[in-house]
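S.K.: Okay, so TrEMBL annotates it like this:
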- 54-72: transmembrane segment (TRANSMEM)
- 78-97: transmembrane segment (TRANSMEM)
- 109-130: transmembrane segment (TRANSMEM)
- 136-160: transmembrane segment (TRANSMEM)
- 174-205: region 'Disordered' (REGION)
- 175-189: compositional bias 'Acidic residues' (COMPBIAS)
- 190-205: compositional bias 'Basic and acidic residues' (COMPBIAS)
- 223-242: transmembrane segment (TRANSMEM)
- 262-280: transmembrane segment (TRANSMEM)
- 309-327: transmembrane segment (TRANSMEM)
- 333-352: transmembrane segment (TRANSMEM)
- 373-394: transmembrane segment (TRANSMEM)
- 448-473: transmembrane segment (TRANSMEM)
- 485-504: transmembrane segment (TRANSMEM)
- 516-537: transmembrane segment (TRANSMEM)
Amino acid sequence: MNAPVVETHHPLRRLGSSFNIESFPLLPLFYQAPRQRHRWQEPQHLPHKQWGDIFFDLFYVAAAYNLGIVLQQDPTELLYFLGYFLPLQSLWMLQLLRDGRFLFATGTVWESALSTLRFLTVACAVLHIRPSPTDLFWFGVAIAMGLLWHGISCFEIMYCQRYCPENQMKRDEKEVEQEIMEEEEVDPKEEDKVDPSSSHHDRHPQRVVDLEPAAWDTAVTTLHIIGVPFGLVVAAVIYAGRQKFTNSRRRLESNEEEEDPVVMYLLLASSLWIILYHAVRQIMNDFIFQRDHKRSVVPINVEYAIHRYGEWIMLMLGETVLSLLIVDPVHHADYYITFFAGVLSIIMVEYLHFLSSPHDPDHHALRRNIYGAILHTTTMMFYSASLIVLGASYKMLLYELVYEHDDGYGESHPDRRSVLERVVFFQRTLAGASSPALDDTEYRQKRIAILFSGSMAIVWICLDILILAHHGWENLCAAWKESRSPVLVGMAQMGRWSLLIWFVSLPQYVTEPKLLSLLGVIGLLGQIVLQMIMYTLCPKNPVHKEEEEINRVLEYANARLRVIKSS
């Protein structure tokens, strides 16, 4: 079984994170073995655009919308929000790790069927983001099936690594390095013929690598990661099923459902296991077993992972804008001020996100070291959740103004509020009863203000943690000491922390929707200005500067060597 050749413009490239089969017959192949993206010694290149990845992410946009409704129906139910979001996000992260390390032949019947089952599983989970025993049961079933599909992929990799003929030969590291050097070497005469306008991928085609022995260890580790969560999710399904089937008659007679958080605790525990496993395992390998993770882990394509995280954040921000756009407007100045302040705030969050991210993939946390990658991955989960909460809180601020004002045509609608509450809120209220957060206007607005200020503060905290993951504590301290004005940089950082503390305390004295939205714009503007001042005064990261100097010397040496060879 020969390794397939990747064709740049083959139509199967548009189907997802995969490599192409060698031909596109009328009767597709049933199965073809997966491959690695690359080895540790090889240079990494960004793969071609995978439209199947974006299609997969669109299911999560719908999930973010439904999660916003969970908060809208009762701003106090953060447990249910996290219990739904973290398991779904864990499935997305496992898919990223799978596609970032291995290439699967999408054109085969086997992989197409497995991909379809993944889509159906996520769709089922998104559909049942509703806090009732029936929906919790089917949500848990969907999450368990999603973990099961990843387990099947792990067994597939283990089987192919051991029994596929092309994976039986263990290659020497020097042989691999020599092969890479020969592939990367460019003849000076041929280099002049390369069209500068040609794409990076045309000059550096994506390689397809047979499965190394580390693929077996990676698959086993992934099974360890999903094994305990699978058991916890199955326990949650059994518990929710007992509520669904054994108490159905009593619920029908009383017309209510009991609110039992045990299922949510089990789902949260399954997600926390996935989050903590990587960190605990790496600490044990470093300080107890003293193992090199490169010998037992297949490398992930860092540029692919960075690209996927960027798409994910953009979709979460897009859902936040969608939350603002779907609210029926009222023709009143307060509504439009709040609406445009919300849109402007989301734009500023997007700008602050890219301001906090490195522009060069070599300086990204995923490439800096393993602990930076773990910190980045964990932070991104809570950062994404805070963006969803922020969008839901903006939507609730707009609904408060819809309740308060007329439609602007001189006709007051006294029934408008009750209708909206029945349709939007009470339609999916917890336990089939009214929530205390909806009965009193002052109490409800206080809870909305807490959600708004808390989610905004968590966004700022997560962005600071991401900066720490990208650069490291030592490099940040070195940049501060070598800045043109360490005192001014310290004052700017103190100002950012003061803004954070002020925003956390905001609900104690501000609950009016319009004022909250305007203060959100002011807080974001202050964060951006202070961060730009710090970046202007601080020098470039010393480690990054040293790397650039080394690269310039190497480029000059290679150029001189080519001149000598040509002469």
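Glycine too: its Cβ is placed from the backbone N, Cα and C atoms.
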S.K.: Between the transmembrane segment (54-72) and the transmembrane segment (309-327), do 3 or more CB pairs sit under 8 angstroms, pairs being 6 or more residues apart?
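M.R.: Yes, the transmembrane segment (309-327) and the transmembrane segment (54-72) are in contact.
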S.K.: Look over the recorded stretches 54-72, 78-97, 136-160, 485-504, 516-537 and say which has the most C-beta pairs under 8 A to the transmembrane segment (109-130).
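M.R.: Top-ranked stretch among 54-72, 78-97, 136-160, 485-504, 516-537: 136-160.
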S.K.: Using a Cβ distance cut-off of under 8 Å, indicate which of 78-97, 485-504, 516-537 has the most pairs with the transmembrane segment (54-72).
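M.R.: Most contacts with the transmembrane segment (54-72): 78-97.
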S.K.: Return yes if the transmembrane segment (78-97) and the transmembrane segment (223-242) have at least 3 CB pairs under 8 Å (sequence gap of 6 or more), otherwise no.
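M.R.: Yes, the transmembrane segment (78-97) contacts the transmembrane segment (223-242).
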